[in-house]
Amino acid sequence: MTAAPTTRVRPTDDSGENAMTAVPSTTGHRGALAQGMTLAWRSLVPLRNEPGRLVQLLLQPVFMVVVFVLMFGAMSGDTEHAARYLLPGVLTQVALISTNTTGMNLAEDIVNGVFDRFRSMPIARSAPLIGRVTADALTTTVIIVVALAAGLAAGFRITAPPLEALAGLALLLLFTLALSWVSAWLGLKAKSVASMQGMATAVLLPLTFGSSAFIPPANLPGVLRWWSSLNPISHLADAVRALLTGTPVGPHVWVTLAWAAAVTACFVPLAVRAYARRIR
Amino acid sequence: MTYAIEVRGLVKRYGDKAALAGVDFAAPPGTVLGVLGPNGAGKTTAVRILATLVSPDEGRAAVGGHDVVKAPAVVRKLTGLTGQYASVDEKLTGRQNLVMSGRLLGMSRATARGRAAALLGEFGLEDAADRAAGSYSGGMRRRLDLAVSLVGRPSIVFMDEPTTGLDPRARADLWRIVREQVAGGATVLLTTQYLEEADQLADEIVLIDHGVVAARGTPGELKARAGDRRLEIRPEHDAEKAELILAEVTGLTPHRGENGLLSVPLLNPAVSLAVFLRLEEAGVSLAEHAVRRPTLDEAFLALTDTTTSGRTP
């Protein structure tokens, strides 16, 4: 065999990138962050490519406000009081449902082989997870802001001091981030995108609807009241409501923070382990 | 000498089943190694080990002289992966897929865009550059997939069944691109189910079946051993007599196909005439007869029958 005895880097073509002679070194923390941002960009670009996705993202929270605040509110007679109670519940609902996308997109990347492409490249192993969670935190923020704006248009009024109201939104975002790790874990364990979706729905629906987000537990019959008062989402919804409307928060903020901490402590390691298994 | 790709005694088990049961092969720099085999032979497992996606249970795999288990980061810098399991993002356009890869490899925005534009031109994807990759045809998607794997100008490229499921024209396009890459100095490992594809592209072929190397050699050597054409006959009656005659004239064991079809490698075209004459003398009439290229199954049978073992000690 007459071939050269060592592996060489191939000569560059004439596309004007003569400086690039070798694949650059791109691991390490700075690299991981930059790669994470590139992958966050990659997760958000479909919204620009397909306006339908963007419309759906923006319309869904508006639709929820219309149904729950305006329509269900109209049923109660006192629309102003209904908006005060229901809008924080809708914010909680839309934020939590949005965590679905984290796991669904991870599952999709695994099934489609996109993950394998990333893994075969010289990039930090954590970059795809960083990118995913960053992109989803941004979309969740947008969803919360849109729902709040729609709520204000529907007659909801923020009656708390601005900082307290912001703290309420921050608490919601924080809890959503914690929950997105559960979603990530489900997505990494799932055999298919559809099974991920099924599992996430099975977790999210009883949590969001079976809470004080829409109906005070005191108004619910037996088992439902018991579940609703036990449900951590009730504490979250009550805390968000109290912080936006300037009413006493009671223990709800602390209970919510404790739950967020517990969920994070539990599911970040689980998700990272599931991820490490999938990328072995 | 330092091989661009070198695999020794590679074993990978999934549960009780060994996907690879001790495989050896090597490719000198600047050559194309064709890894040929049916579905489930272990081809993809070998590629996944070389691309650092899974680790072997036993044995050693080195790429550019670097061990895939000990120095995966170095291996990833040297290599590009394309095919069955590495995929493009369907929601991104072709151009965005390429720019993303460039950015992930640490290129500046401008450099990544320039490289993307150059590759789109080279791979004939300019017209579709700004459409979502999910809308691409099979051939276009494979070309994009290959282009994405080449963004960082890897010196070693793994292509896992790059043409499976493509129409003949799209396949020819891909073959041209592979040849261009090799002309540019790259080492290519290509897996395929198609004997013809390995024949067209590979400098050396390794035949894998059930996780072991069944045969190896240059395309010419393997074809000579498999017989590059096959003689097929379907006797109307006296099947056993026909089989005996076929074996006697050719000196080979006929392969029994479906519905009484008998076939042998045809090493010398004159042999078919001799077979027909002998059959006529014996009064065996044929429902059907043909000379055609061997299927992979038959090549396997021929190669595994006529060689004791292709494995190096």
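Glycine residues also receive a Cβ, built from the backbone N, Cα and C atoms like all the rest.
For reference, TrEMBL has these:
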{"type": "REGION", "residues": "A:1-29", "note": "region 'Disordered'"}
{"type": "DOMAIN", "residues": "A:52-278", "note": "domain 'ABC transmembrane type-2'"}
{"type": "TRANSMEM", "residues": "A:54-75", "note": "transmembrane segment"}
{"type": "TRANSMEM", "residues": "A:129-153", "note": "transmembrane segment"}
{"type": "TRANSMEM", "residues": "A:165-188", "note": "transmembrane segment"}
{"type": "TRANSMEM", "residues": "A:200-218", "note": "transmembrane segment"}
{"type": "TRANSMEM", "residues": "A:253-276", "note": "transmembrane segment"}
Residues from the same chain, set at least six apart from the ends of the transmembrane segment (A:253-276), whose C-beta lies under 8 A from its own: 129, 171, 174-175, 177-179, 181-182, 184-185, 188-189, 232, 235-236, 239, 242-243
Cβ-Cβ under 8 Å with the transmembrane segment (A:165-188): same-chain residues at least 6 beyond its ends: 88, 91-92, 95-96, 98-107, 110, 129, 132-133, 136-137, 140-141, 144, 148, 158, 196, 199-200, 203, 236, 239-240, 242-244, 253, 256-257, 259-261, 263-264, 267-268, 270-271, 274-275, 277-278
Chain residues in Cβ proximity to the transmembrane segment (A:200-218) (below 8 Å; excluding those fewer than six residues from its ends, i.e. six or more beyond): 68, 72, 85-86, 88-90, 92-93, 96-97, 99-100, 103-104, 182-183, 186, 224-225, 227-229, 231-234, 236-238
